[in-house]
Every structure is written in C-alpha cells, then in structure tokens.
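Let me begin by presenting the structure, written as structure tokens, before commenting on it.
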Amino acid sequence: MRVSVPGPAAAAAPAAGREPSTPGGGSGGGGAVAAASGAAVPGSVQLALSVLHALLYAALFAFAYLQLWRLLLYRERRLSYQSLCLFLCLLWAALRTTLFSAAFSLSGSLPLLRPPAHLHFFPHWLLYCFPSCLQFSTLCLLNLYLAEVICKVRCATELDRHKILLHLGFIMASLLFLVVNLTCAMLVHGDVPENQLKWTVFVRALINDSLFILCAISLVCYICKITKMSSANVYLESKGMSLCQTVVVGSVVILLYSSRACYNLVVVTISQDTLESPFNYGWDNLSDKAHVEDISGEEYIVFGMVLFLWEHVPAWSVVLFFRAQRLNQNLAPAGMINSHSYSSRAYFFDNPRRYDSDDDLPRLGSSREGSLPNSQSLGWYGTMTGCGSSSYTVTPHLNGPMTDTAPLLFTCSNLDLNNHHSLYVTPQN
C-alpha cells in the first residue's frame, strides 16, 4: 500500500495502492490498473458520495449565512466572537462546497483523492490547505470566548490585564499556523527532491498539529474552570447558552480535533521511510505527480465515516453553539435581577417609589404577589386607603390625635382625577 503523505490539516482518506500516471491523467499504467481491479469503487458511487458531502457543506453554508443575517436583524454586535466564528465557518463551508462540487467536472471522481494536475498553486492551496487554517482560527476563537466568560464572571481586574496578552498569543498562533501552512505548500508545489518533500511534510505536521493539541489542552482548562463557577451558568443563559451546551460542544471539539492531530503525527512519523500508511491522511496531494486511486468498497465507506466525524461534526457543533438567538430581556427568572429592582419604566420627576425605604421592600414584594387586597389598609402614617369605590378611611396617627399641621397624602390609585383639591386635607375653621 503506497500513498503520498500530504498536509496536516484534514481528515483521513483510505487508499490501497497507487500507480503513477501521466500528468493529464489519461491513458497510462494507472488507468490500466484501475480498469483491471475488480474491487475498485464505481464512478457512480464516488459521485454519490461527493454529492452527499457537497450537500452537507452547502447546508452548513446556508445555515451559517442565515445566522449572520439574524444577528443583523436582532441588532447584535457586528464584531464579536459569535459573528467571527460564524463568518469563519461560512467561509470554510464555502471552500469545502466548491471543492466537492468539482466532482462533476472530474467525471465523478472524488476531488480529494484525485486533484487536477493543471491546478495552479494558489487555487490548490486555497481549496485544499486554507480550510485547515480556518478550523484552527475557529478553535482559537472558542478559547478566547471561554476566557472572556471567565473574566466576566469573576470580574477580576488582574484577568482583564492579561486579556490583551491572551489575544496576542492566539493571534500569533493563528499567524504561525498560516505561515507554516503556506510556506510548506509553496516548497512542495515546486520541484523538490523526495527527501526534502518528506522533511517538509514532517515539519509542517509537527508544528501545525502541535498547535492544535495545545489549543485543545487550553480549551480543556477553560472548561474545567467554568464548571467550577456557580455563576457561569447565569451569564451563559443571559447570552442564550447554557453550561451544559458549553461543556458538550467543547468536549466534542477537543476530542475530534486532538484525535485528528494525534493521528496525523503518528502517520507522518511512521511513514517517513516507506511512505506507507493505512489511510491517505490529508486533503492535499503534495506530490507533483498525478495519481489514480484504486480504492476498495470498505475503505471508501471508512473514508466517508472519518470525513463525517472529523469535518462535519465539529463544524456543525460550533455553528449551533454560536447561533443567533433573540435574548430574553426579562432576566429576573434567571437571577440576573434581584427582588429589590424596580420596573423598567423610566421616571423623570414622579417616580412613585422614590421615598421607599428598605423596610418597605418586603411589603412592596408581597403587594406584587397579590397578598394584599385592594380593600386592605397599609397603615402608613397619614395615608387614606379606599375600602370601596367611593369610601375612604383615614388612618389615625400612631402617637395620638392628628395635629392641624400635618397634611394627609392620598395614595389610593382610584381617586377621581377631577377632584384635584382633595389630595391634601387641611384644617377647616
């Protein structure tokens, strides 16, 4: 089993024997081998699998595009972790959809296994290599978002001071991943010896997959810290999320990305001498020769399963986690507003509760729950409460008879508005 060793950034594709052919991919030894092999997958099966994955990527593109429009509709912040992650997933799904749609122009062959020989460097890198950079950037944004949640919950100034360093660290990691990916792709696309090709692939996999593993470890640390905070769930619910969703999505992303990175490192390390591996472990074929794949039916099914796990599941998890939601403005049930808070109505001069003290708050809370009927007197000093629609009772002074100098303030809400002069009772001679 002889396969070429490609880049570090993608899912596994099984292969069972390669034969070099002419750059045009026409008649040659490879075509004869493919025709002679009875175990090869028919072109219709390859086309069906390509169409299936293209539809899945197109559905992800449409869903992410819809979420971005919903963010604008709900008047959310245009530049946030949520919008950036959705945009990166949108761009990633667009590139993957374009790649799998090329199967129609390649007579049903899977473009991942049989890239066109005449494809120039930049389109080749953009379709085959750049999506891995987008996935790594999405993982970095997920780390930054959870770090932001920890800072918001703890409200610690020392964490805010390190926020800039944290942002710079993940930005530098993303740039390093991009530079290594682009540089190695440029070296491999040229005419390089076989030994240099092996070491280029090894260095690329070692750096990029190590960055994936380090980001996964940091994501584990952030999730562990969030689960230990009792108030983290309240903050996440105010953003339309929950602690359970955060743990599940983070665990799925960590498990899949770290397992793929470890697999890539193992395959590159083992195949340094023989270039043999049970799977074609990357998206792009870094050899400058065109190849024809002779793939059995079982290996092709395994390829589809691995592609679904390492590509679709983490991408859909991130998009569903950062989907746009209409936030509930009433945060009292979630505990964001305590019982001493007032209504959201804005008062300028006539706030009816501007003189309330702390002793009045339990009485106000019980009155909101309906514990006091309209006919019951509150017993405040100098107040008159209504026992019906037209009768009022004056509450006597607590320390004796009412003096002539203390006016009585009516607080009953069902007074006739035409009797303005009856609001204050003055001594009558």
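Just so you know, glycine gets a Cβ as well, placed from its N, Cα and C.
Under the heading topological domain 'Lumenal', Swiss-Prot lists 1-48 (among others), citing a curator's inference as support.
Taken from Swiss-Prot, the feature region 'Disordered' covers 1-29.
Swiss-Prot lists 1-17 with the feature compositional bias 'Low complexity'.
If you look up Swiss-Prot, you'll see 49-69 (among others) marked as transmembrane segment.
Within the chain, the topological domain 'Cytoplasmic' (70-83) has long-range Cβ neighbours (under 8 A, six or more residues past its boundaries) at 141, 144-145, 148, 322-327. Marked as topological domain 'Cytoplasmic' by Swiss-Prot: 70-83 (among others).
Annotated transmembrane segment per Swiss-Prot: 84-104 (among others), in sequence order. Using a Cβ-Cβ cut-off under 8 Å and counting only residues 6 or more beyond its ends in the same chain, the transmembrane segment (84-104) has close neighbours at 46-47, 50-51, 53-54, 57-58, 60-61, 64-65, 67-68, 71, 110-112, 116, 126-128, 130-131, 134-135, 137-138, 141-142, 145, 311, 315, 318-319, 322.
The feature topological domain 'Lumenal' is assigned by Swiss-Prot to 105-120 (among others).
Counting residues 6+ beyond its ends, the transmembrane segment (121-141) has Cβ neighbours under 8 Å at 7-10, 81, 84-85, 88-89, 91-92, 95-96, 98-99, 112, 115, 170-171, 173-174, 177-178, 181-182, 185-186, 189, 208, 211-212, 215-216, 219, 253, 257, 283-284, 314-315, 318 in the same chain. Under the heading transmembrane segment, Swiss-Prot lists 121-141 (among others), citing sequence analysis as support.
The topological domain 'Cytoplasmic' annotation in Swiss-Prot covers 142-167 (among others).
Sequence-distant contacts of the transmembrane segment (168-188), counting only residues of its own chain at least 6 positions beyond either end whose CB sits under 8 Å from a CB of the stretch, comprise 7, 9, 121, 124-125, 129-130, 132-133, 136-137, 140-141, 143-144, 196-197, 200-201, 203-204, 207-208, 211, 214-215, 284, 286, 288. The transmembrane segment annotation in Swiss-Prot covers 168-188 (among others), and the record cites sequence analysis as its basis.
The topological domain 'Lumenal' annotation in Swiss-Prot covers 189-205 (among others).
Long-range Cβ contacts of the transmembrane segment (206-226) within its own chain (Cβ-Cβ under 8 Å, at least 6 residues beyond either end) map to 7-9, 132, 136, 139-140, 142-143, 146-147, 149-150, 153, 170, 173, 176-177, 180-181, 232, 243, 246-247, 250-251, 253-254, 257-258, 260-262, 264-265, 268. Under the heading transmembrane segment, Swiss-Prot lists 206-226 (among others).
Taken from Swiss-Prot, the feature topological domain 'Cytoplasmic' applies to 227-246 (among others), supported by a curator's inference. Per-residue confidence over the topological domain 'Cytoplasmic' (227-246) averages 85 (mean pLDDT, predicted model).
Residues or ranges marked as transmembrane segment by Swiss-Prot on the basis of sequence analysis: 247-267 (among others).
Per Swiss-Prot, the feature topological domain 'Lumenal' maps to 268-300 (among others); the stated evidence is a curator's inference.
For N285, the entry in Swiss-Prot reads N-linked glycosylation site, with the evidence type sequence analysis.
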